[in-house]
Amino acid sequence: STVLLFSSILLMLKNNLNNEINESFTSMIIMSALLLKSGAAPFHFWFPNMMEGLTWMNALMLMTWQKIAPLMLISYLNIKYLLLISVILSVIIGAIGGLNQTSLRKLMAFSSINHLGWMLSSLMISESVWFIYFFFYSFLSFVLTFMFNIFKLFHLNQLFSWFVNSKILKFTLFMNFLSLGGLPPFLGFLPKWLVIQQLTLCNQYFLLLMMMMSTLITLFFYLRICYSAFMMNYFENNWIMKMNMISSNTNMYLIMTFFSIFGLFMISLFYFMF
């Protein structure tokens, strides 16, 4: 915040200092401060550590609502070369950083960094595409954090053993993981589909290749988690696992999961009908 205010003051004083301040350099400093506030790479170092110490509702605010103001200001500056560097680093670091994580909050943090790279790339194309991507990402993040918050889940080993007695909850939870990763035909594929289409029209093939390769890495560790959960049985801890979930929370979670899993089918159906 101090860097942002200082660079803004320098930009305002530019005319009073006889143009001795380079405007592009000042704009680059403002852009870097905004990327730092949003948690984009290479200014992401605070983000996973901060996520590790928060509750799930606060973590959701940090992953979604906290990014709106910096991204809106970034859209006004839109320095292409700095955005390109940040997009490439964000998608790569967000993908590789989640490979060896056992903490769910850090896993969601690196996933957020990866999605932030997609959102920054959509900002270079159109603000409407960015808004659509941000809306779907916020919805999918809310579905997962809602479930994590109810059961106070913070580590991967809790996922494997907690839902032994409830196969439906276990199945829907990991389907939401795959939807967040952007695996078709789930809802999370739709915003990435839009960004891929727009980048193709703009001939940004190298950037698109880097983003798609990083998404394959994120899908790899999501599928690895799902495979371990579905193919392995954890019966040794059944005696302490009691499902004390309120029915209203269950219904709300299952409704949101339905839209997360079948949302792409429903949107496609409405599109062809109307």
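Keep in mind that glycine also has a Cβ here, set from the backbone N, Cα and C atoms.
Annotated features, as they stand in TrEMBL:
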DOMAIN    6-218  domain 'NADH:quinone oxidoreductase/Mrp antiporter transmembrane'
TRANSMEM  25-47  transmembrane segment
TRANSMEM  81-100  transmembrane segment
TRANSMEM  131-151  transmembrane segment
TRANSMEM  171-193  transmembrane segment
TRANSMEM  205-230  transmembrane segment
DOMAIN    219-271  domain 'NADH dehydrogenase subunit 2 C-terminal'
TRANSMEM  251-273  transmembrane segment
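Taking Cβ pairs closer than 8 Å, the transmembrane segment (171-193) reaches residues 111, 118, 132-133, 136-137, 139-141, 143-144, 147, 159, 163, 215, 218-219, 222-223, 225-226, 229-230, 253-254, 257, 259-265, 267 in its own chain, all 6 or more past its ends.
Taking Cβ pairs closer than 8 Å, the transmembrane segment (131-151) reaches residues 55-57, 59-60, 63-64, 67-68, 71, 104, 108, 112, 115, 118-119, 122, 158, 162, 169, 173, 176-177, 179-180, 187-188, 190-192, 194-195, 245, 249, 252-253, 256-257, 259-260 in its own chain, all 6 or more past its ends.
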